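These features come from TrEMBL:
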type	residues	note
DOMAIN	2-91	domain '2Fe-2S ferredoxin-type'
BINDING	Cys43, Cys48, Cys51, Cys73	[2Fe-2S] cluster 1 binding site
BINDING	Cys113, Cys116, Cys149, Cys151	[2Fe-2S] cluster 2 binding site
DOMAIN	212-392	domain 'FAD-binding PCMH-type'
BINDING	Lys400	FAD binding site
BINDING	Gln736, Phe767, Arg879, Gly1032	Mo-molybdopterin binding site
ACT_SITE	Glu1204	active site, proton acceptor
Amino acid sequence: MDKINFTINGEQYSLSGADVSPVTSLNDYIRHHLQLHGTKAMCHEGGCGACVVSVQRTHPTTKKEETLAVNSCLVHILSCHEWNITTVEGVGNRGDGYHAIQERLAMFNGTQCGYCTPGWVMNMYSLYKSSQKSLTTQQVENSFGSNICRCTGYRPILDAFKSFANDTEPSSKLQDLEDLHKTKCMNSCKRKCSISDEWCFIEKPFQSLLELSVAGGRWYKAFTVEDIFNILRREGSNNYRLVAGNTGQGVYPIKTEPKIYIDISSIDRLKDAHSDENLNLGAGLTLTETMDVFERWSTNEEYKYLLQLREHVDLVAHVPVRNIGTLGGNLALKNKHNEFPSDIFLLLETIGATVGIIKSDMKISDVSMSQFLKMDLKNNLIGDVKLPPLSANNLLRTYKIMPRAQNAHAIVNAGFLFKLDQEKKVASSNIIYGNISPSFVHATRTENNLIGLELFKDETLSKALEILEKEIIPVDLPPEPSSSCRKHLALGLFYKAILSLAPAVNPRYASGGTTLKRLVSRGEQTFETDKSLWPLNEPVPKLEALTQCSGEVKYACDVYTGPRTVHVAFVLSDVCLGEIESFDESEALKLQGVVGFYTAKDIPGKNVFTPSDVPWQDFAEEILASKKISYYGQPVALIAATTHRLAVTAANLVHVKYKKSNAVPVLSIQEALVAADKEQRVRQEVAIKATSKGSDTRHVIKGSFSMPSQYHYTMETQSCTVAVTSRGVAVRSATQWMDIVHVAVAQTLGIDENRVEVSVPRVGGAFGGKASRAALAACACAVVASRTHRAASLVMPLGDNMAAIGKRSQCDARYEVGVNDEGVVQYANIEYYVDCGYAYNDTSAPDVASILTNLYATDTWNINGYSVLTDKHSNTWCRAPGTTEATAILEHLMERIAQVTGKDPSEVRISNLAQKHEAIKDMITGFKREVEFDDRMVQIKKFNEENAWRKKALKLSIMSYPIGYSYNFPVTISIYHADGTVAISHGGIEMGQGINTKVAQVCAYSLKIPLAKVTVRGSNSFISPNSMASNGSITSDCVAYATVKACQELLSRLQDAKKDLNEPTWEETIKAAYDKGVNLQASYMTSPNDNLVGYDVYGVCIAEVELDVLTGNHILTRVDLLEDTGVSISPDIDVGQIEGAFVMGLGLWTTERLVYDKTGRLLTDRTWTYKPPGAKDIPVDFRVSFRRNAPNPAGVLRSKATGEPALVLAVVVIHALHETIVEARKEHGYRDAEWLHVDTPYSVENILEAISPKIGSFKLN
């Protein structure tokens, strides 16, 4: 029996088909078989980067050793034959020493929650090894489209990795790489390998057809094309699948697995690249290899155009996908799914390439790309593609417009090839578009019309655009951007191509022919630190940073799963409104390994995960719907199985019969306000009456503003493990709020609370999404553990997490504001509505009003606030809830006032400030001067006058973010007598905000001991019962306060022990205290009884943007952010919080879109469709400063909170983009005397819709 052989971290593994299932991924094997939990997983489609590992293998053609990063979630374990795989544990660890990459990332504070960190480390490790330590900063920055980080804002990660580049600027944080590199290897492959030579695959590849029997079929590894057809003759061609990179499942998830798999990744014929009259590229070439071929061959005059193609392919997916995804695989995907906007197909069709199809008799036929689309590939093999030489009279341009800078499919992609004759007239042309409709490829009528015309004449351009406008008829493809947006793009790209190729154009139009070029990003962090206070106020890395960079820290579900552990998956409703009539779980239960199926009737206690015994939870939300269905994706049942993948598969096989409601789902605030049952859907939360009214109203402003919803995008989804113990249950939960989990689980199981213990080691990102919502996963997991009497683990798949779990509440505001000529508000009538989903529990509506009345003088304002019920999941808190909505409304109003009065927006803000916020005035004026605001405004005005199709803008936003204390946060400090070390446990949750580091610094400062003496343990409900949720930015403050109090108590106790000692050391004092029987453990709980006084966090942010008018793409060229942090407890931690919050806000306002269909189903529920910012979407120049000389008398140790406030300042970006849109509209003849309404977010779609381009404005001269 054949076996697949590979190594992981130098250890040998040999698998037969019986050892794994046909769908076991490399990630499954690493995490669940080997229990190596450093490698993470989130999306399981290659879109987040959490799963990246490094691979060394021998190239089948060149026989050279290559190192590459791969997404372990996409790679089948049986595809790993002859691979040497390295996970983050194999790179470096506490025992063997840490690698320089791990050290440096920790040193630069490039990790917060840490869940994504191993993936970043492994991508960089692979890049560094494959480059042979020769990198530029540009290469580094361009290589991480694969990796998402919701916490850091990317800047410190990029800085850490760019420090390995040869052209980097020196940094005081750098250490010598070779000295730090502890993982040595004596083998010639330069990595940790097995001692046995027979396992060194790099040196001894094995080249014979392999056959493995797997459940339900067979897995083959072919080494020749003949192997493939021999297999098909033997097995038949009705049910097989060719496997190379397997990256296609990240686009179109595989629903039904075939009986026969044929791994073709090692066939050297398919990896060949050679030329005859054409350049022939084997279909098995990966996209990375293809880019290398393009670069090599571009030195040939007739293949110069390949450099353009290389640049375009660099925009396809990301490095780990391009490392294993192949030309043939991409084309096969396009063949099967004509709607797929394949960039590879588009490029090949544009240049007139052909595809070589190998038939079963080994004959090869070349077909055009258009013919290829219609082919049946069954029993055929894509052998190669043939790229023609193009002479200098062939003019080529290709484009890809995406919702973010990297790792996104095209909104529209386009290719243009114009062949000119000797008279410079068009002899032929290819005008190709993707993502217009499944059937649209060529703009044939436009191509034909151009023949014989001079391409670079305004008359030719005008006529071509006129025909093209009629020819391009995009179809609606939800959740893709609107058909009108895609039409605008198609026309704009044609014009851009002509502008870029024309030998001479009007200088004002010239920049329209270029694409936005992003420079290598940089950042500055400016703050004061007082060494006399250290370790307080000292910039230090997070305590957990190194162990996060090595994958040694454990999260809720990073636990050993024994043979009796069951994995849990939700069955979700596929209707929005209705009632459950019956379940048919028979198909699911037929699967071997499925342990059980459970519904609401199997819950032993209360079917509620929002117990009324904790704050804010007034509405009983069911764990599993007992009868009534309230939203699409509501949990209705549970599956328990022996593996996570099996549980998810089985859950999808459960059939639920519903009595569907005839009611049309109400999915938005607007729909709720006109619904027949409006009175049951709208609840007034706030009614504030004006106490005065101005008498100088000269301008009246009316309008509306909407803040969109947002998915939290935690890299760790809702997760929990539950073990049945002799006392009850032990719950290991990924939650921000231990108490709600504790109470809810006890009530769900119908047991006393003292039989439940909740522990939280840390959380892989939360942002409010794991406060009340985490109790759902915990209760469900506990039910299964209770019913099966087995340990249970629940990790929600991304799609389920997005469908079932609430998000940031959308907020719509309507207003009428009267102002005088100076922009001072005379009266304001504001009403706002907050979308709560189907339950009011976590509404932020009351908080919005308190923020609206905080910053500006509002005695003339009438404010009415409402919570609104819609037929969606119950929405929940999301980073800076209430404050984000209110600040955005206020800043929008200030911009509107400035526009109608013609006043400087900064002066309008200052004129309306409440008297108590005089400090902000000084911050505004001083900061504008510091960043040379006025000079830059002059430069931008000149730029906009000189450039029709590029526009810049510079805008400012301000904030006063109120911090208020409430509820209970306990701390327990233990001192160990033998060495004097200190351990702390507290009721806060470490979720990336650095609470443990700050607490340790406060403790070390209070006890006057080195920081190295202090460690902080995970939280649990036995040591810290009844703790409040870690949210609202107050937890670090509250826990720090309790730490100070507990330390004071300990110091008081130690006084007696020090009496008889002469200037004792800390250790001597502790030993003496121990000998005297002094209690070396102290606790304190911050509570309302402490009467802590709230305060405001001030901030000013200035942002500069540049907009490509023809595409709607923009670059955030510079951001200067000044925040009032008081005396920072931990400056580097606070910088990270500020940057991360701002970038999350950037996503809210620019790239993140939640789209539902009319049935209530969320369509943007994957990494393929939902796009938070990536590493190249952040400000190119990001400067963060702390307000100087501004200690906070009300704060703990004079500090201020930083976890959330900076997010609200990100609204400045849409103000700047709005300005560029208005400037762009002038080029089309619009003169916007009234305020221009633009829908949020300011995505490519909404920007282009707002510009509303007119093709009559597109000219050359």
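Placement of Cβ uses the backbone N, Cα and C atoms for every residue, glycine included.
TrEMBL feature annotations superimposed on the structure.
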| residue | record | Cβ contacts under 8 Å, 6 or more apart |
| --- | --- | --- |
| Cys43 | [2Fe-2S] cluster 1 binding site | Ala50, Cys73, Leu798, Arg1166, Thr1167 |
| Cys48 | [2Fe-2S] cluster 1 binding site | Met42, Cys116, Gly119, Asn147, Ile148, Met715, Thr1167 |
| Cys51 | [2Fe-2S] cluster 1 binding site | Asn27, Thr39, Lys40, Ala41, Met42, His44, Asn71, Ser72, Cys73, Gly119 |
| Cys149 | [2Fe-2S] cluster 2 binding site | Gln112, Cys116, Trp120, Ile157, Met715, Ala1175 |
| Cys151 | [2Fe-2S] cluster 2 binding site | Gln112, Cys113, Cys116, Gly765, Gly992, Gly1136, Gly1140 |
| Lys400 | FAD binding site | His312, Leu315, Asp343, Ala410, Asn413 |
| Gln736 | Mo-molybdopterin binding site | Val763, Ala766, Gly768, Lys770, Ala771, Ala774, Ile989, Met991, Ala1029, Ser1030, Asn1031 |
| Phe767 | Mo-molybdopterin binding site | Arg150, His712, Thr714, Cys878, Arg879, Met1144 |
| Gly1032 | Mo-molybdopterin binding site | Ile963, Gly964, Ser966, Glu1204 |
Beyond the site residues Cys43, Cys48, Cys51, Cys73: chain residues whose C-beta lies within 8 Å of the centroid, for [2Fe-2S] cluster 1: Asn27, Lys40, Ala41, Met42, His44, Glu45, Gly46, Gly47, Gly49, Ala50, Asn71, Gly119, Thr1167
Neighbour count (Cβ, 10 Å) for Cys116 ([2Fe-2S] cluster 2 binding site): 29
For the domain 'FAD-binding PCMH-type' (212-392), mean pLDDT (0 to 100): 96
Cβ-centroid neighbourhood (8 Å) of the Mo-molybdopterin site, Gln736, Phe767, Arg879, Gly1032 excluded: Ala766, Gly768, Gly769, Ala771, Trp877, Cys878, Pro881, Ser1030, Asn1031, Ser1033, Gly1203, Glu1204
Residues close to [2Fe-2S] cluster 2 site centre defined by Cys113, Cys116, Cys149, Cys151, Cβ within 8 Å: Thr111, Gln112, Gly114, Tyr115, Thr117, Ile148, Arg150, Thr152, Met715, Gly764, Gly765, Gly992, Gly1140
Summary of DSSP states over the domain '2Fe-2S ferredoxin-type' (2-91), given as helix, strand and coil counts: 18 helix, 30 strand, 42 coil
Other C-beta atoms that fall within 10 angstroms of the C-beta of the residue listed as 'active site, proton acceptor': 28
Neighbour count (Cβ, 10 Å) for Cys113 ([2Fe-2S] cluster 2 binding site): 27
C-beta crowding around Cys73 ([2Fe-2S] cluster 1 binding site), within 10 angstroms: 28
